[in-house]
Amino acid sequence: MTLLTHDDSVAPAGGGDASSLLEPTSGRRGDSAFKVVALVAGLVVLAILGLIAVSTTKEAWPAFKQEGLGFVTSSTWIPAEGKFGALAFIYGTVLSSLIALVLAVPVSLGIALYANEAAPRRLRKPVVYVMDLLAAIPSVVYGLWGIIVLAPAIQPVYKAISGAVEDIPVLGWFFNGESGRSYMTAGIILAIMITPIVTSLSREVIATVPSAQREAAYGMGATRWEMIRAAVLPWSRGGIVGSVMLGLGRAMGETIAVALVIGSQPQITTHLFEAGDSMAAVIVNQFGEASGIHRSALIGLGVVLFGVTIIVNVSARGIVGRFDRRSQGA
């Protein structure tokens, strides 16, 4: 008679481990748990965004109902007369943010390239540290510095530039005005604030460029700049564009710093040295005294700003994904 040992009696026909057939491994259980947690976290985020959108839209509905499409197409904002047109605030938000991008992007990209590609090792850490320090400064400090130091100091510069170009077509349309608290001043403050963000994200993206890309460029006799232009920038352009778009979203949503330096004068003008206003700034300036339809209109501005910010961030992801697909296709 042949006796079966314990191992023989439970061994699977295929020679595999019986325990793997009888119950899932701890790794599989961990994967399943992670999927559930990730799904729940994603649904919670979507639920919060939906709740914000629904609740704020509900509060703003009286103003939307009264003004209709004129809420975003009219620039007349007179709370005492019950007139609420947000176009001037939308214009001011977009204009000051674009000024910030024009000023911040070249500086941010230059710092990121210098820190990653050209800076000596002993200087790299101080450059990164200074950028991180700028990002940690509260926005109200930037605003106070802007209104106390920057605005009075830069007003004579605005006056001199305005006088020099007033008779020159195009330049005279844009570089006109003499107000220290203006669209341009707000743009400068925003540029200083978003530079650390754009720099940090761009630096991280540039760091992902494979060393083989650089070595191949150098092997073909490229100089450092030619290597950056031919190997580094094409590889990382998607991430750089994404970082710029995220910086734009930060600039559009900035509140207290802009409120202190933009001038709080809603108007649509091409004169960059004139006072203006933005959506976030008018909300913080007027919400404490608002009631009734005025309060609804200010919440409506928040809804518009929320929507614009969502659009900017979704666009950023779309642009990054498009560049990534092009890079993979290449």
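Glycine residues also receive a Cβ, built from the backbone N, Cα and C atoms like all the rest.
TrEMBL labels come from automatic prediction, so no person has curated them.
Record features (TrEMBL):
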DOMAIN    90-316  domain 'ABC transmembrane type-1'
REGION    1-24  region 'Disordered'
TRANSMEM  36-54  transmembrane segment
TRANSMEM  89-115  transmembrane segment
TRANSMEM  127-151  transmembrane segment
TRANSMEM  182-201  transmembrane segment
TRANSMEM  297-316  transmembrane segment
Give me the stretch from 36-54, 89-115, 182-201 with the greatest number of Cβ pairs under 8 Å to the transmembrane segment (127-151). 182-201
Long-range environment of the transmembrane segment (297-316) - Cβ separation under 8 angstroms, sequence gap at least 6: 49, 52-53, 56-57, 59-60, 63-64, 67, 71-72, 79, 84, 86, 89-90, 93, 241-242, 245-246, 248-249, 252-253, 279-280, 282-283, 286-287, 290
